[in-house]
Amino acid sequence: MKAIIVRPPNEGVEVKDITLRESTDGKIVVRTRLSGLCGTDRGLVTGRLTFARPPPGYDFLILGHETLGEVVKGNGEFSPGDLVVPVVRRGCGSCLNCMLGRQDFCETGRFTEIGIRGAHGTMREEFLEDPKYLVRVPRELGDEGVLLEPLSNVVKALTEMEYLQRRSWWRCDDSTYSCRTAVVLGSGPIGLLFSMALRSMGFRVIVANRRPPSQVESEITRDIGATFLNTSEHEDLEPDLIVDTSGHPSAVVPLLPRIRKNGAVILFGTTGLERYELTAEEITMLVENNILIFGSVNASKADFQAGVNLLVEWKARYPGVLQRMITKRVSVEEAPQVLKEKVPGEIKTVIDWTARES
């Protein structure tokens with residue numbers, strides 16, 4: 001079958017016909033419909049992500065962790081034709097968090113991640129999967145279901161934020177978040193998904209970038225009731241919550257003195273390409289104002305399931321928005337080029353594995 005592979009730690013990507021040695025015991029056969037592309041995939045292609053590794057016994061790694069698939073051969077839980085999305089991280093099998101299904105909090109670091117670390121991904125025509133790692137997607141969601149994996153990370157981060165902010169009464173006098181302002185740094189797919197989730201929670205949302213919005217970004221932020229702000233022109237923000245999806249300290253640190261008392265900062269984006277100074281005065285401000293700062297990565301199966309409910313809500317509440325987030329579709333043969341460099345105006349590019357069937 002065709003698959004899109006890399007050979008960590010080397011740079012490069014190729015479409016290749018492969019044969020795998022995989023056990024079928026208890027597994028479900030899933031045909032890949034769409035593969036989403038993200039910065040992690042491109043980091044693997046460039047060789048920048050040094051933690052990438054093939055599965056034992058292989059000298060290559062099949063890419064793919066953002067996936068929408070269709071069950072070909074099921075079991076009692078899943079039937080042929082069901083749309084499914086796989087959970088990315090698989091536990092180490094030894095720490096308590098992993099044994100309790102919270103491999104997103106693995107304490108040993110010996111987890112695997114499909115298409116990233118030690119396990120083949122889903123950028124292939126078909127894959128076998130343990131049903132406990134599959135999440136069913138309603139057929140009415142259709143292709144927008146490919147957004148579930150990135151959304152699961154958003155759900156996890158905001159669930160953590162709500163839990164941690166119980167340290168004080170942070171809701172408004174009507175028990176909602178309607179009096180709170182969230183600034184989301186970055187207007188890529190993760191930034192927009194955070195913005196939609198925060199709007200669903202009742203926050204006033206400002207999507208911030210250091211450039212003007214594209215037409216699609218402008219339309220989406222308008223339609224979800226958020227505001228797009230070019231931070232190179234405006235410096236008067238006073239957020240209660242900052243969500244950084246950019247990974248650039250130079251975007252986050254200057255905002256810290258403006259965050260309101262008892263506020264929170266979620267660090268989600270990573271780049272590893274920039275250094276920025278945090279002064280003693282800024283640290284004092286964080287201490288004196290009870291500012292919470294935490295990082296968040298990956299998600300549990302429960303976060304995926306909660307994400308399904310949000311996608312269903314948004315498809316009805318914001319008609320056309322999820323569809324517009326998928327800004328480009330490419331064939332399998334075109335995939336290497338878009339994996340090497342970002343498409344201009346991209347929010348989410350997907351590889352359509354069904355294109356050859358039409």
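Every residue gets a Cβ built from N, Cα and C, even glycine.
Since we're looking at a predicted model, the values are computed, not measured.
The Zn(2+) 1 binding site annotation in Swiss-Prot covers Cys38, His65, Glu66, Glu149 and is backed by sequence analysis. The number of other Cβ atoms within 10 Å of the Cβ belonging to Glu149 (Zn(2+) 1 binding site), over all protein chains shown, comes to 22. Under DSSP, Glu149 (Zn(2+) 1 binding site) is assigned to a helix (H, G or I) in the three-state scheme.
Long-range Cβ neighbours of Asn153 (substrate binding site) (same chain, at least 6 residues apart, Cβ-Cβ under 8 Å): Ile190, Phe268, Ser296, Val297, Asn298, Ala299, Asp303. Annotation comment: Swiss-Prot describes Thr40, Glu113, Glu149, Asn153, Asn298 as substrate binding site, evidence class sequence analysis.
The Cβ of Cys95 (Zn(2+) 2 binding site) lies under 8 Å from the Cβ of Cys106, Glu107, Thr108, each of which sits 6+ residues away along the same chain. Positions annotated as Zn(2+) 2 binding site by Swiss-Prot: Cys92, Cys95, Cys98, Cys106.
Look at Swiss-Prot and you will find Ser187, Gly188, Pro189, Ile190, Asn209, Arg210, Arg211, Phe268, Gly269, Thr270, Ser296, Val297, Asn298, Lys342 tagged as NADP(+) binding site, backed by sequence analysis. For Ser296 (NADP(+) binding site), other Cβ atoms within 10 Å of its Cβ number 18.
Among the binding-site residues listed (Cys38, Cys92, Cys98, Glu149), Cys38 has its Cα nearest to the Cα of Gly269 (NADP(+) binding site). Counted over every protein chain shown, other Cβ atoms within 10 Å are most numerous around Cys106 among the binding-site residues Cys92, Cys106. Counting every protein chain shown, the Cβ of Asn298 (substrate binding site) has 19 other Cβ atoms within 10 Å. Working note on the binding-site residues Thr40, Ser187, Asn209: by count of other C-beta atoms within 10 Å of each C-beta, Ser187 ranks first. In sequence order, Gly36, Thr40, Asp41, Gly64, Thr67, Val88, Gly115, Pro150 are the same-chain residues whose CB sits within 8 A of the CB centroid of Cys38, His65, Glu66, Glu149, the residues recorded for Zn(2+) 1 being left out.
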